[in-house]
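Q: For 95-121, the entry in TrEMBL reads compositional bias 'Low complexity'. According to TrEMBL, the feature domain 'Phytocyanin' maps to 1-83. What TrEMBL lists as region 'Disordered' is 86-122. Summarising the annotation, TrEMBL assigns transmembrane segment to 127-147.
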Amino acid sequence: MYNQWASQNRFKVDDTLRFKYSKDSVLVVSEEEYESCRSTKPLFFSNNGDTVFKFEHPGVYYFISGVRGHCDKGQKMIVKVLAVHNPKPEPPHSHSPAPAPAAAPAFTSASTPAPSPSHHSNAGRPIPLLSITNLPLFLILLLPMLFA
């Protein structure tokens with residue numbers, strides 16, 4: 001269940017995940033420890049009941065519950081974090097205009113009307129259904145049972 005949710009979202013460096021729980025802990029572990037649901041030396045450990053984890057580098061992160069038996073029951077999650085891509089600007093060409101950049105795909109809400117160009121400076125921009133800024137609130141609602 002948690003891996004399905006994580007695979008449907010895109011994470012980048014500096015994003016955060018919030019875990020709310022009681023009588024449990026959150027561990028970031030190696031792939032081998034993830035597979036075995038056991039860790040003697042986790043890469044990260046927290047048991048304060050309200051853990052905020054910040055992704056500091058791209059790569060794969062393996063989360064498990066620290067309570068014996070919880071990981072075996074599915075309280076674990078893999079998160080893939082993408083590198084931040086900052087394309088280098090191309091030098092201006094004096095003999096021909098630069099082609100327009102391709103539009104990035106975005107998720108929009110079909111029920112939300114498009115903003116009126118005469119009233120909004122961001123006219124024509126898609127409205128995200130779930131943004132990373134809303135992710136911690138979403139996790140607060142979704143993950144309490146992860147570490148219950």
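Residue numbering: from 1, along the chain as shown.
Each residue, glycine too, has its Cβ placed from N, Cα and C.
TrEMBL: automatically predicted annotations, no manual curation.
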Q: Taking helix as H, G and I and strand as E and B in DSSP, count the residues of the domain 'Phytocyanin' (1-83) in helix, strand and coil.
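A: Counting residues by DSSP class gives 15 helix, 33 strand, 35 coil.
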Q: Restricting attention to the domain 'Phytocyanin' (1-83), give the mean pLDDT.
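A: When the pLDDT values over the domain 'Phytocyanin' (1-83) are averaged, the result is 93.
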